[in-house]
Amino acid sequence: MALYAAAAAVLAGVESRQGSLKGLVYGSSFQNVKQLYALVCETQGYSTVAFQDIHAQGFLSSFPHPQVLVYELLLGRGFKGRGGRWKPLLDRHQARLKAELARLKVRRGVSQNEDLLEGGSKPGPASQVPRFVRVNTLKTCSEDAVDYFKRQGFSYQGQASSLEDIRALKGKRFLLDSLLPELLVFPARTDLHEHPLYQAGHLILQDKASCLPAMLLAPPPGSHVIDACAAPGNKTSHLAALLKNQGKIFAFDLDAKRLASTATLLARAGVSCCELAEQDFLEVSPSDQRYRQVQYILLDPSCSGSGMLTRQLEEPGTSVPSQERLRALAAFQQRALSHALTFPALRRLVYSTCSLYQEENEDVVRAALQQSPAAFRLAPILPSWPHRGLGTFPGAEHCLRASPETTLTGGFFTAVLERVEVPSSVSQAEASAPEVTPNPAPKRKKKRRRKATAAPSSQPGM
């Protein structure tokens, strides 16, 4: 019941104005921040309607966290966990709870649970974004992961050929992404937090747009890479997988708690090539001999987070930053990007944010390029990607944007900057940028030919 107790505490804190939803979630002692954040956001969307009407029936007073439990049991993914002495109570009242939900829908004249949401909270395009799952190639491969899910009763539909294929996903069907060969796609709201492969570090729950930075940076094995603002660590683990744990990742972040979470994630993912440092990237000296071989930098700095899928479910007003905050964020982002471009051996950099605002995206990139007009340029990337950068300056079309409406992902921005001339300290053979060529999709096998090995021996047999 720890998850439900933590969610109830966060909701109570928001109601009593003790802090913002996100701040209270990150301040909680509950370890799985993403799972807690998702449950709190989803529960809050229904809290003013379904819960109040059902709670008015009076039989929920004996429940320890009724608001969260009612949502999870009736509207969410179903009660999870052992639950101690509360599990028999939930089981005993489950039929009555479902009956009350049915009566509530009749009284409101609706047929779908989503219709119980108030007008401002009704799910939009973000609610249709699928669950993307990156296979951690440090521990397994896509084919073995596909085999494992098939033996669990999931139906593998092959490689997606269009967004329509993804929109059509339902139930226990899943696809392989057409761009990233290690990315699996499940229907929206598929919960894999308690899946044995996720808990063992074989799967990383990561949105497709968030996978683009490491994929586009594409450092070959043996490279030295800087992850300038590393927490929470998903992109860092992706970089390590691309490096095959060969080479070096210097990962920086100022937040000690988030850096500790990053360390936990990287350890679970089997990352051994990363050096974590609780340090401001702006204070990292490009002339330090430790970084003399750094040719690749991933810069995903603090931003407004306006593209994050869960932001629309937060308390009103938190998703719209003030102009003052936007200016402050953009100034920091510009300093960070300009600083990154001063590393002497650098030849390729990815700048990304989960922001929708031009001030944090195209404007930052344009300012950095104006400071180094002869040294760096925007690299043309993914010409078939449907959502391009805003046309605010020549070449901005080389930037990528993402959104629930256009790419079925979270809101995101990505730009790749490459050095016009390779530094003399870097050999010409090393300088050839690797091509991003997706691997063939695992075949939809009619009969399993061999035993897969994605899960550790302590987990259910692969």
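Cβ coordinates are placed from backbone N, Cα and C, and glycine is handled just like the others.
Nobody curates TrEMBL annotations by hand; they come from automatic prediction.
According to TrEMBL, the protein carries these features:
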DOMAIN    121-420  domain 'SAM-dependent MTase RsmB/NOP-type'
BINDING   C229, A230, A231, P232, G233, N234, K235, D253, D280, D300  S-adenosyl-L-methionine binding site
ACT_SITE  C354  active site, nucleophile
REGION    424-462  region 'Disordered'
COMPBIAS  442-452  compositional bias 'Basic residues'
Candidates C229, A231, C354: member of the recorded positions with the richest Cβ shell (10 Å): A231
Candidate with sparsest Cβ neighbourhood (10 Å radius) among G233, K235, D280, the listed binding-site residues: D280
Spatial separation of C354 (active site, nucleophile) from A231 (S-adenosyl-L-methionine binding site) - C-alpha basis, Å: 14
Nearest-integer angstrom distance between the alpha carbons (Cα) of C229 (S-adenosyl-L-methionine binding site) and the residue listed as 'active site, nucleophile': 13
Span of C229, A230, A231, P232, G233, N234, K235, D253, D280, D300 around S-adenosyl-L-methionine - largest C-alpha separation, Å: 19
